[in-house]
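Now, the feature entries from TrEMBL:
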- B:R202, B:228-229, B:242-246, B:259-266, B:N280: FAD binding site (BINDING)
- B:4-182: domain 'Electron transfer flavoprotein alpha/beta-subunit N-terminal' (DOMAIN)
Amino acid sequence: MKILVPVKRVIDYNVKPRVKADGTGVDLANVKMSMNPFDEIAVEEAIRLKEKGVATEIVAVSVGPAKAQETLRTALAMGADRAILVQTDDEVEPLAVAKILKAIAEVEQPGLVILGKQAIDDDSNQTGQMLAALMGCPQGTFASAVAVDGDAVTVTREVDGGLETVKLALPAIVTTDLRLNEPRYASLPNIMKAKSKPLATKSPADYGVDTAPRLKTLKVSEPPVRSAGIKVADVDALVAKLKELGIA
Amino acid sequence: MAKTLVWVEHDNTQVKDATLAAVTAASQLGEVHLLVAGSGCAAVAESAAKIAGVGKVHLADNATLKDALPENVAPLIVEFMGHHDAFVAPATSNGKNIAPRVAALLDVMQLSDVLSVEGPKTFTRPTYAGNAIATVESSDAKLVITVRGTAFAKAKTSGGSGTVEAVSGGADAGLSSFVGAEIAKNERPELTSAKIIVSGGRALKDADTFQQVIFPLADKLGAGVGASRAAVDAGYVPNDYQVGQTGKIVAPEVYIAVGISGAIQHLAGMKDSKTIIAINKDEDAPIFQVADIGLVADLFNAVPELTGKL
Ligand SMILES: Cc1cc2nc3c(=O)[nH]c(=O)nc-3n(C[C@H](O)[C@H](O)[C@H](O)COP(=O)(O)OP(=O)(O)OC[C@H]3O[C@@H](n4cnc5c(N)ncnc54)[C@H](O)[C@@H]3O)c2cc1C
Ligand SMILES: Nc1ncnc2c1ncn2[C@@H]1O[C@H](COP(=O)(O)O)[C@@H](O)[C@H]1O
């Protein structure tokens, strides 16, 4: 079984995003970029399924600028077998990403597509579900455990009240939650090896997908800032404050 | 006037609170119709019809809809969207699971986690863990949005005079089945509706310590209990306690962060709380930059003392 893993190049999760003064977006110039953390978890899960003998090949895909090659090389260094960069400098919305992924899935015929549950830049939490809809496949979102058994996959999902388990017919779409696994670091030899793994470059047009945005961003602003309040000296002072708030 | 369809979140017995914020958002777009999809859920539809401002309530009662499997629910919603202009769901785990599936089937780009309605097709929504608020206009023929529960007032659960209409549909797509759930029994107030929340972080050491330190304080205050991701990852409490970018978004009257550093991903889930109180032994912890009231102290002394003095 082949596994497709879409990975997005995003602002590093340790960087505090700054809104541009002109309100057109977030300043990404000279900002550290990395693989979306949930996508690292997706790559890791695919590798574990390969190590278990469930998967035979892992194909990483990224839709983004030429620099997204670095993200794909990271996936290859972790253990993906080959990569596809669908290169574009435009921002591509989840719906269009899902359409591109569907077209790739038609060629690659994966048994599983494992995506992150959300990209930490747009925070959309949509692409996996959209891909599942377009492919007519079942979806196991927010996964904290994945077990493939024959022609089905059992997915444990993190939901509002706790955990939920669903059984899905393959091919299926899985999106990862944080506790699915802890992604490995690529070793130096593997980073070197990744440089010679195949990486194909395509364009959205190769897949016949129109990436024109459906949503127009009119403005991006800073959220209302909270300012630091006061520090109290001891517990008694805190109790007094709680009384003022009417909760003690 | 635009017709909106709100997906009602419920457990086949009761309407969940998150629905009420979605109704408020929907009412700012136009006429509000509801969809109650489930199994043996007629009572849910009856109470949904009483929500203030609600017109029609469509009741799809079918065993295949019992567990809100998106493979079965989404096609049903798509049928209704033939005669509605907007689909609105609460941004709960179920809402987030179903809505994008609907959007893709309609060839529409979804707006996630909407914070405000600015115009018939214009909304604000958080990006970058809430560090950037985008004002976004849709150019699609139909709207699909999910609504952040803390951003809208809850519609009143009484006073409405909607009419319930039973509908058929919701065939089994044959793609998925529900195996089971481990839904934590929690006597404490639910996080997303609690007035007070006490949250614990990595500093709480282990599950027993978390229980012994955080729970008594929460019980004294009648508060819900939350946690940072670090505390959940370390197994102190189950996943449904997590507050943050990837956990629950909360905005209680009072949020008490105990032994939590205040990473941006955690702040994303609680910085709209009315009053934030932080107890941390590191006076430079980032949580103090957003806290209204801070106490620099060792929590293992301060929290039991506080609990004792309340
Ligand atoms: C993609 C992604 C998503 C994430 N989503 C979330 C999320 O939804 N929610 C979330 O919370 N995190 C999330 N995180 C993790 C986040 O980045 C932080 O790692 C996490 O919030 C840290 O938890 P903490 O504050 O409990 O632990 P730490 O950062 O380790 O802080 C512990 C704090 O306890 C204090 N302390 C220690 N001992 C004592 C004592 N005896 N008395 C008083 N204070 C003490 C320390 O001074 C410190 O400030 C996410 C991370 C990523 C990459
Ligand atoms: N441009 C992209 N390239 C590759 N994968 C993507 C891209 N955008 C989104 N994804 C995948 O979809 C997931 C969810 O993203 P989103 O729906 O944008 O929150 C991510 O974690 C990725 O796995």
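Cβ from N, Cα, C; glycine included.
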Check your understanding: Which binding-site residues among B:R202, B:Q245, B:I260, B:A263, B:H266 have a Cβ sitting under 8 Å from any chain A Cβ?
Key -> B:Q245
Check your understanding: Sorted by position, what residues of the same chain at least six away from B:H266 (FAD binding site) have a C-beta under 8 A from it?
Key -> B:S228, B:R229, B:V243, B:G244, B:Q245, B:I260
Exercise for review: Determine the most Cβ-crowded residue among the binding-site residues B:I260, B:A263, using a 10 Å radius around each Cβ and all protein chains in the structure.
Suggested key: B:I260
Review point. So what's the average pLDDT for the domain 'Electron transfer flavoprotein alpha/beta-subunit N-terminal' (B:4-182)?
Key: 97
Review point. Whose Cβ, among the binding-site residues B:Q242, B:Q245, has more other Cβ atoms within 10 Å than any of the rest?
Key: B:Q242
Practice item. Provide the number of Cβ atoms within 10 Å of the Cβ of B:R202 (FAD binding site), excluding the reference atom itself. Key: 17
Review point. Helix, strand or coil at B:R202 (FAD binding site), per DSSP?
Key: helix
Check your understanding: Looking only at DSSP and grouping its letters into three states, which state does B:A263 (FAD binding site) belong to?
Key -> coil
